[in-house]
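Q: So that we are looking at the same thing, I have put the structure below in structure tokens.
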Amino acid sequence: MNANAASASTDKVKHGLAAADAAPPSPDWTIDQGWANYTAEEHAVWKTLFERQTKLLAGRACDAFVAGMRDLPMGPDEIPDFRKLSAVLMQQTGWQVVAVPGLVPDEVFFEHLANRRFPAGNFIRKPHELDYLEEPDVFHDVFGHVPMLMNPVFADYIQAYGAGGLKAHRQGMLKNLARVYWYTVEFGLVQQADGLRIYGAGIASSYTESIFCLDDASPNRIRFELERVMRTNYRIDDFQEVYFVLNNLEELLELDRIDFSPIYARIQAQPELQPGDVLDTDQVLHRGTAAYHSAKRHA
Ligand SMILES: [Fe+2]
């Protein structure tokens, strides 16, 4: 179900193929997208996913996502050409989309982000696995992530995350930083005047989680608080038990300016939190019933 660039265990974040198993195709792991090589069947899978998800996301995705999608050369009829996407992105926020064969090692991933290059898988899932995939494919990476890169605040935030990731990697604090990515870039919700909306790509590219995260009574929905999020483990194998909610995307600007080093020192002294935990200090927007995950645990 959830395929995320940051797909990972909570102990070791991998953005890719375990690096040890595969020789890099090039020093920065990029490859040619090979757009001309997509088959009619592959374009048809894109079309099915694109149409289903676009219909569902009306009234669910945040305004920035909708605006980004509208202004990009991305539609139902074919898998987008990364060169065309990059031309528009470059003008808007200075970003590019580069093709990679799948997950890439952390340092490579962060280096790309820090330089405003978004690594996207160039392959697409098979027709029989529309709702399941182990690695982020072109639908997750491009449909899910790229519209938000058209937003100047978000564009700066992801670059800052890349730079922060390189630093956290050196400091051995990647696990904590990866949780911020997970609960914002992949599974973030934002409060708009007209309601709660999706901006995370892990949700936006998933049919079932786009419904679950907003409509289901089971998950907790809690105001985003940086240190709280950095202490919280996450689920990679199922829907999230908690979604953290921004008041607005501009909150992310604040994160760009923060020096994380003192925070890392503080949170090391505090216990880790499990995804379903609720603290007295949380601003709880919706206290979940936990029905979904407890039913699974007892199944
Ligand atoms: Fe992702």
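Cβ from N, Cα, C; glycine included.
Predicted, not measured: the structure shown is a model, and the values here were computed from it.
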Q: For the Fe cation site that TrEMBL assigns to H140, H145, which of the candidates E107, E111, E186 is also assigned?
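A: That Fe cation site, as TrEMBL gives it, pairs H140, H145 with E186.
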Q: Please average pLDDT over the domain 'Biopterin-dependent aromatic amino acid hydroxylase family profile' (1-299) for the predicted structure.
A: 91
